[in-house]
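Here TrEMBL flags CYS205-CYS226, CYS304-CYS325 as disulfide bond. The domain 'Ig-like' feature in TrEMBL is assigned to 37-153. According to TrEMBL, the feature domain 'Link' maps to 159-254, 259-351. The annotation signal peptide is assigned in TrEMBL to 1-15.
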Amino acid sequence: MKSLLFLVLISVCWAEPHPGNSSLEHERIVHIQENGPRLLVVAEQAKIFSHRGGNVTLPCKFYHEHTSTAGSGTHKIRVKWTKLTYDYLKEVDVFVAMGHHRKSYGSYQGRVSLRESSENDASLVITNIMLEDYGRYKCEVIEGLEDDTAVVTLNLEGVVFPYSPRLGRYNLNFHEAQRACAEQDSVMASFDQLYDAWRSGLDWCNAGWLSDGSVQYPITKPREPCGGRNTVPGVRNYGFWDKDKSHYDVFCFTSNFNGRFYYLIHPTKLTYDEAVQACLKDGSQIAKVGQIFAAWKLLGYDRCDAGWLADGSVRYPIARPRKRCSPSEAAVRFVGFPDKKHKLYGVYCFRAYN
């Protein structure tokens, strides 16, 4: 019986694979790869800079992690571009492409397309850029069960300016603030735009709406009426307020324009109505507040003559501070909202190019 048990043990040991036998060991290894090559979407640049009226390409390319080809060939590639909102809970459809199918949405219709310089190029081309195009865009590529995304920010060159209507400070709810900016050739500024303006020296003590619904104001020189002398410079945040019931000023953003901004040489000073008619007679329109700020900031426009603007205010732009013309700083100087029927000033006009 003992001899039989000994023989069985010898047989079992002989059947064990030898650790040095590489061929047998290789046959025992099993490789498992889930879902094939992983889809990767990459934006070569995180931020792109442009200006109103320009053209821009938002970069986006897709790859498979373990292959050099753009797609596996088993599924059609679907490319979707959306614009992210400030709370990231909603997205605005911009463009969708799948095979030969192409669709653009809203204000982007007729202005967007894919660059498609190669099989894996999903970059978005935007033409005739509008002020509203500013923001963050998401490129999503879908192939079968795989998908991946990349985010690109479109920044616009421009200027932020505070605005309050003839009624005085703190008279605009959120919706009225939106309309006020639009009427002055601008849009409501974002926090990022206001922050950049603050870093460039914007100092304003009145709180104003921003496009995300918050109320903030930029302080570079702390002082008693603006949070106190011992406070730290920065963008002060009032938080989020009721868009219908709360009233503040607004911070607007505008960019360059396709036209000519100028002070109309006229033999006499004018009332507001006469100023409007004088610009029309000259083949132009009375200029808007956003246009005087854009001309001042982006073109270095400088003139020491106060003139009417479309909202009934009187202002003048100083790019080179000097005696009697804003001696301490470059700025668009605000005279006020004079009596339209009796006060006499010059006028700033704007002629759009076709």
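Positions of Cβ are set from backbone N, Cα and C atoms, glycine also.
Heads up, TrEMBL stuff is auto-annotated, nobody curated it.
Values in this document were obtained by computation on a predicted structure and should not be read as measured data.
For the pair CYS226 (disulfide bond) and CYS304 (disulfide bond), the C-alpha distance works out to 29 angstrom. Within its own chain, CYS325 (disulfide bond) has CYS304, TYR316, ILE318 as residues 6 or more apart in sequence whose C-beta sits under 8 angstroms from its own. Its own atom aside, the Cβ of CYS205 (disulfide bond) has 15 Cβ atoms within 10 angstroms in the protein chains shown. Within the model, the domain 'Link' (259-351) carries an average pLDDT of 97.
All chains included, 18 other C-beta atoms sit within 10 angstroms of the C-beta of CYS226 (disulfide bond). CYS304 (disulfide bond) counts 14 other C-beta atoms within 10 Å of its own C-beta, drawing on all protein chains shown. As a summary of secondary structure, the domain 'Link' (159-254) carries 22 helix, 30 strand, 44 coil according to DSSP.
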